[in-house]
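J.: Feature table excerpt (TrEMBL):
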BINDING   HIS100, ASP123, HIS125, ASP127, ASP227, ASP229  Mn(2+) binding site
Amino acid sequence: MTVKKISMIGLPMDLGQTRRGVDMGPSAIRYAGVVERLEALEIEVDDLGDIVVGRPRLIENPNSNLKNLELVGKANVMLAENVDRIIGKGSFPLVLGGDHSIAIGTLAGVAKHYENLGVIWYDAHGDLNTEQTSPSGNIHGMPLAVSLGLGHSDLVNIYGYAPKVKPENIVIIGARSLDHGEKELIRDKGIKVFTMHEIDRLGMAKVMEESIGYLRGRTDGVHLSLDLDGIDPQDAPGVGTPVIGGISYRESHLAMEMLAEAGIVTSAEFVEVNPILDERNKTATVAVALMGSLFGEKLL
Ligand SMILES: NC(=[NH2+])NCCC[C@H](N)C(=O)O
Ligand SMILES: [Mn+2]
Ligand SMILES: [Mn+2]
């Protein structure tokens, strides 16, 4: 599948975690030239702008283990509606975050359209916590669990159905920080994970070959959820929860090119860009470069 039309939408939300600034991610990514970059590939890009999010001065419920539950839920419903509509009219949804809790809404809007949606979770983390297992109470550490149907019912049932994805249709790439409960869940559900160990050992080319082969056989669409903290903080410093020893820019570039070649990706989101923590918009620039590769950019 070559992508001809992209509808881009931003969700400038930072309520799924507690470091300010990630709400400016969509602006930073636009400033780094995303529209021009994709238009140069002869793709029609329709920038739908940003969803308007509530912005409380204080955390709604600081002592709960589901911080800002209500506002995160509301924003994600709006995102799901938009993404659903974009796919309905035959366009490719490209979502700009915001913290990773927005994957709850993206997946809610996307998964309706597929019987067996595949998910590539490109991330230092598993984001497989629930209210019970989360060490932080930050919802951005929970979206993959929520999409599997695990967690608070207000999140799990967003957009009126659950679960959104099946554990056997998920591939996590780049993991190097997993909480105890997340490890248990991965083992329990048999989720496929390429940790940094496998990336070091096999090389990114092999990891992507295996991931693509695995998903191709069992899915009818693939969502790429790319958390910029999957990439090493040296290449992508502007993130709220950096973890050293990550995937390099080069490896990520190759991963995106291999996805473009395979033509399996049907929706994507780029999340956790925090311009306040960044160095001269480096992380947003990396995000845009990776989008270029994902949508078919070639040197020659
Ligand atoms: N999307 C992210 N950056 N997630 C980081 C999650 C960190 C930690 N595992 C937590 O649940 O709090
Ligand atoms: Mn992460
Ligand atoms: Mn994440």
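Including glycine, each Cβ sits where the backbone N, Cα and C put it.
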J.: Within 8 Å of the Cβ centroid of the Mn(2+) site residues HIS100, ASP123, HIS125, ASP127, ASP227, ASP229, which other residues of the same chain have their Cβ?
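T.: Neighbours within 8 Å of the Cβ centroid, excluding HIS100, ASP123, HIS125, ASP127, ASP227, ASP229: TRP121, ALA124, GLY126, HIS140, GLY141, GLY230, THR241, VAL271, GLU272.
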J.: Non-local Cβ contacts of ASP229 (Mn(2+) binding site) (under 8 Å, 6 or more apart, same chain)?
T.: ASP123, ALA124, HIS125, ALA236, VAL239, GLY240, THR241, PRO242, VAL243, GLY246, GLU272
J.: Determine, from DSSP, whether HIS125 (Mn(2+) binding site) sits in helix, strand or coil.
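T.: DSSP call for HIS125 (Mn(2+) binding site): strand.
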J.: Starting from the Cβ of HIS100 (Mn(2+) binding site), draw a 10 Å sphere and report how many other Cβ atoms land inside it.
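T.: Looking across every protein chain shown, the total is 31.
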